[in-house]
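Pulled from Swiss-Prot, these are the features on record:
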TOPO_DOM  1-32  topological domain 'Cytoplasmic'
TOPO_DOM  54-72  topological domain 'Periplasmic'
TOPO_DOM  94-97  topological domain 'Cytoplasmic'
TOPO_DOM  119-126  topological domain 'Periplasmic'
TOPO_DOM  148-159  topological domain 'Cytoplasmic'
TOPO_DOM  229-292  topological domain 'Periplasmic'
TOPO_DOM  314-327  topological domain 'Cytoplasmic'
TOPO_DOM  349-359  topological domain 'Periplasmic'
TOPO_DOM  381-399  topological domain 'Cytoplasmic'
TRANSMEM  33-53  transmembrane segment
TRANSMEM  73-93  transmembrane segment
TRANSMEM  98-118  transmembrane segment
TRANSMEM  127-147  transmembrane segment
TRANSMEM  160-180  transmembrane segment
TRANSMEM  184-204  transmembrane segment
TRANSMEM  208-228  transmembrane segment
TRANSMEM  293-313  transmembrane segment
TRANSMEM  328-348  transmembrane segment
TRANSMEM  360-380  transmembrane segment
Amino acid sequence: MMAGFAQTTITKINQFYERWMPRLPAEMTARNVLVFCVVCLLCIGSVMVASASMPYAEYMHENPFHYVVRHAISIATAAIVAYLVYKVPLNVWFKNTFSFWLITILLLLAVLVIGTEVNGSRRWIRLAGFTLQPTEVAKVMMAIFTADYVVRRAKEVRTHWKGLVRLSGVMAITVGLIIAEPDLGATVVIVLMMVGIFFLAGAPPTQFAIMLGAVVMGIGFLILFEPYRLARAMSFTNPWADPLGTGYQLSNALMAFGRGEWFGTGLGHSVQKLSYLPEAHTDFMLAVLGEEFGFVGISIVIGLSFIMLACCIKIGHRALKHNFLRAGYLAYGISIIFLLQIIVNAGMNMGLMPTKGLTLPFISYGGTSLMMCAAMISLILRIDASTQEINPDREESNF
């Protein structure tokens, strides 16, 4: 029943495309629209990183362009990463999923040993003046692993408990290391992405319900038995109860939205970014954007993000339709990652969700996040280029 609902939803999205795309110019393919949205978001993000970070950079580094320069380097690096990822054939990714998973585990272990601790979390590895965040790499690698797994073990996934047990074991090892950092936000994204692919691959409703229930219980346990997480989870319901304590970030973010109204105060005229709103150029970039460009600016960014997401889903649906199962599930996994990051980041900025350290794709400052987002878009473009025609071969197990 649940798998049928998922397929019905995807079919509705595809029908929407088939109904409206013929009315648009031939150049407006899902691929071209996707690239257009990403470029627009990158441009908006670059402008907002400059606007939001300059006061903080001047205070911390005595150079207002400190984060602007680093962001420009990150964009250049992300472009190189995207090019290299695009050049790798899809079958190379899928034939080496276990090796990529082991590399991911080693990175997650390394960050616990040699990682840099910031605000009580050990999530970053310093490399030549820059930082690498292994959890961002884990999101992409686990999407590739899960997409391959549900095809390689298709019979087990759909008919036997072994499919659930094997995948749960891999999930437990991976998210266990991420929780140890700790990084609950990345944990939620990875777990829900894996559960989503498992569901779309046709898992029995009972297994899906058990897996989802275990995830919800696990997240609840992590929140309830860690005082700072519980305080953060509860503060979003009424940040004004403790505006100088647990509700400080959110109360300042809400004031930023309030000042922005419909059209904003103008580029560079944000008050909250002047040391009032912590992480203004990273997690709370949307609040600064709302203050400077108002509801209209927020609507444009969210609209572009969801159009980008719809293009990813469209490309994934066509891949499945043409019998490229691994590619299709990977596209859906990437779509789920983007969807969760957009919803959680926007939700926490607007006080609809607890505060979590998740960036807004292509908008927020963050080198590893930007590189991995570029890599995911590159994978989507590779899927689009590789699945234009119906797959003449039935996809088989890798081993």
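Yeah, the Cβs are placed from backbone N, Cα and C, and that goes for glycine too.
Below 8 angstroms of C-beta separation, residues 139-140, 143-144, 146-147, 150-151, 185, 188-189, 192-194, 196-197, 200-201, 236, 250, 283, 286, 302, 305-306, 308-309, 312-313, 315-321, 354-356, 358-361, 364, 373, 376, 379-380, 383, 387 of the same chain, each at least six residues beyond the ends of the transmembrane segment (328-348), sit close to that stretch. Highest Cβ pair count under 8 Å relative to the transmembrane segment (360-380), across stretches 73-93, 98-118, 127-147, 184-204: 73-93.
Residues in the topological domain 'Cytoplasmic' (148-159) partition by DSSP class (helix H, G, I; strand E, B; coil) as 11 helix, 0 strand, 1 coil. If you look at the topological domain 'Periplasmic' (54-72), the same-chain residues 6 or more away from its ends with a CB under 8 A from one of its CBs are 46, 130, 273-275, 280-281, 365, 367, 370. Note: the topological domain 'Cytoplasmic' (314-327) comprises 11 helix, 0 strand, 3 coil (DSSP; helix = H, G, I, strand = E, B). The stretch from 73-93, 98-118, 208-228 that makes the most Cβ contacts under 8 Å with the transmembrane segment (160-180) is 98-118. Packing against the topological domain 'Cytoplasmic' (94-97) from elsewhere in the chain are residues 144-145, 147-149, 326, 398: each is 6 or more residues past its ends and has a CB under 8 Å from a CB in it.
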